[in-house]
Amino acid sequence: MTTFDDILEETGKFGLCQKRIFGLLCLVSMPFAGVYVGIVFQGFTPEHWCRDPGLNQLSENCGWGQLETRRHIVSLVNDSADAIHAQCERYEVDWNDTGLACEVMKAEFISISFSRAPVLGCKDGWEYDYEGRTSFVTEFDLVCGNSWMVDMFQSMLNVGFLAGSIVMGYLADRFGRKMCFLLSNLLNGVAGILVAISPNYIALLVFRVLYGFGVKGGWVTAYVLITELVGVEYRRMVGVLLQMFFSVGILILPLIAYLIPNWRWLQVAITVPYILFLLYYWFIPESPRWLLSQNNIRKAVHITGQIAKENGKTLSKNIETLTGDNTDITTASFLDLIRTPKMRKYTFILMFNWFTSAVVYQGLIMRLGIQGGNVYVDFLISGVVEFPAAFLILFTIERIGRRIPFATANIVSGVACFVVAFTPDSLLWFKMFVACIGRLGITMAFEMVVFVNTELYPTFVRNLGVSACSTLCDIGGIVAPFLLYRLAVIWLELPLIIFGVIAFVAGALVLMLPETKAHLSHTIKTRGAWRA
């Protein structure tokens, strides 16, 4: 009997056909970046202050601009550095009864006359310094007491990710990789447009969950499809490079956001690629491995023949005895992940690392939207530094193993968070440099946890182990927005301290893991070949 891996020796393990399909599926990672961290641009919170309808006429008569009007209406509050104008309260003044002339309405007069005036919340809404951009924050007034709703917007996306990973994984196993991939992109196109036309905040959240459901499920299906089409020795490379194209999306996103300053049209721009991915129906095949698992031998043989033809190869008569891989049919349960002390240790450490990667990676990106400065430039620079991650992984893992690079990436990221938090703003470029190092470290850790998780578990529990541990990634994504935005209200650098602690702990825990068998096997083969 001939397995698909045997036939790949004849068709080519990574020939022209697989490279074409790989190139097409890499494009799926690019809009995923816009979905995952587009909140930096779609949900930015500009300078804002209370609206006072009674002051509008006086402001118009006096020819005041926005900032001057703000100075007259808004009280001062104590900040950690100095007194600043309040964003969530204003003076309660009847401007029609003041009888004040424009020329005497100076800042000194205001501070003396209104210092004892009662202060109230923004019952009439807010004014915004839009800077030429609009976001769902300004449209739905998600500031002050409602600012937590911005966190919820991002968290609900990760709720969709969590559900989509589970449900779409089942559908891909039940109905096929290609069908699931196309169904996901159809859902992405519909849900993405619905997000763009959401009439209110509740509808926005509902459609956001559906959007996350399809996007994550579709990406995971694409990942599985390409790894099933190539030879075993190429799986790690295509997996890492597929994730690298997420970084390409990170690089393109600020350019698109700069050209499209309206959050609704930016949402449409992010969604359009998913509609175009429906054209893949004519360009990508079903997974022969999945077809074999369903005993659909005839179609698997047909697709394998097409792959060989495109690769310029000729199949032998072995194709006539093609059958599914001999797999262990033992049914695994979650108890198998915690049954022995060794398995409990693996499971806990891997779960914590999935959680840490999601929290720190997402937190560092979203922090760009609240730290000040030019968000477009900062986002672009931070995207560039992600590129070396994939190449560093591919360069180091076969030479020094998985454990040391994995642990080092986490620890470097954690140390960078501490350094940035305690570096004064006067050393801005130094802070930016260290922040980029931290971003590179957590990107490496995020990409490595995927295949370390796969290699560390035994075969019979591998799929369950990856699925169970990776759910902590989406749970981390649910927690990250609240952790970042709520703690930043107390102190802007406080989230970095938290990120630094959990990243450092994650790195230390990785050192407690053994080296994976995949690396040890590669090392033995390499040394044997060298001695020969």
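Glycine too: its Cβ is placed from the backbone N, Cα and C atoms.
If you look up TrEMBL, you'll see 21-44 (among others) marked as transmembrane segment.
Restricting the average to the domain 'Major facilitator superfamily (MFS) profile' (110-518) gives a pLDDT of 87. Under the heading domain 'Major facilitator superfamily (MFS) profile', TrEMBL lists 110-518.
Look at TrEMBL and you will find 152-172 (among others) tagged as transmembrane segment. Only residues 6 or more beyond the boundaries of the transmembrane segment (152-172), in the same chain, are considered here, and those with a CB under 8 A from a CB of the stretch are 35-36, 39, 43, 136, 179-181, 183-184, 204-205, 208-218, 220-221, 224, 290, 358, 362, 366, 467, 470-471, 473-475, 477-482.
Annotated transmembrane segment per TrEMBL: 179-197 (among others), in sequence order.
The annotation transmembrane segment is assigned in TrEMBL to 203-226 (among others).
Cβ atoms under 8 Å from those of the transmembrane segment (238-259) belong to residues 14, 22, 25-27, 29-34, 36-38, 41, 222-223, 226-227, 230, 266, 269-270, 365, 375-377, 379-380, 382-384, 386-387, 389-390, 393-394, 443, 446-447, 450-451 of the same chain, restricted to positions at least 6 beyond its ends. The transmembrane segment annotation in TrEMBL covers 238-259 (among others).
Under the heading transmembrane segment, TrEMBL lists 265-284 (among others). Remote same-chain partners of the transmembrane segment (265-284), defined as residues 6 or more beyond its termini with a Cβ less than 8 Å from a stretch Cβ, comprise 20-21, 24-25, 27-28, 30-31, 34-35, 38, 41-42, 178, 181-182, 185-186, 188-189, 192-193, 195-196, 214-215, 218, 225, 256-257.
According to TrEMBL, the feature transmembrane segment maps to 348-370 (among others).
Residues or ranges marked as transmembrane segment in TrEMBL: 376-397 (among others). For the transmembrane segment (376-397), same-chain residues at least 6 beyond its ends with a Cβ under 8 Å from one of its own Cβ atoms are 40, 236-237, 240-241, 243-244, 247, 250-251, 253-255, 257-258, 364-365, 368, 404-405, 432, 435-437, 439-440, 443-444, 447-448, 519.
Per TrEMBL, transmembrane segment is recorded for 404-422 (among others). Here the transmembrane segment (404-422) has Cβ contacts under 8 Å with residues 353, 356, 360, 364, 392-393, 396-397, 431, 434-435, 437-442, 444-445, 448-449, 452, 493-494, 496-497, 499-508, 510-511 of the same chain, all six or more residues outside its ends.
Residues or ranges marked as transmembrane segment in TrEMBL: 428-452 (among others). A Cβ distance under 8 Å defines the sequence-distant neighbours of the transmembrane segment (428-452), meaning residues of its chain 6+ beyond its ends; these are 236, 239-240, 243-244, 247, 350, 353-354, 356-358, 360-361, 364-365, 373, 378, 381-382, 385-386, 388-390, 392-393, 397, 402, 405-406, 408-417, 419-420, 466, 470, 503, 506-507, 513, 516.
Positions annotated as transmembrane segment by TrEMBL: 464-484 (among others).
Residues annotated as transmembrane segment in TrEMBL: 490-513 (among others).
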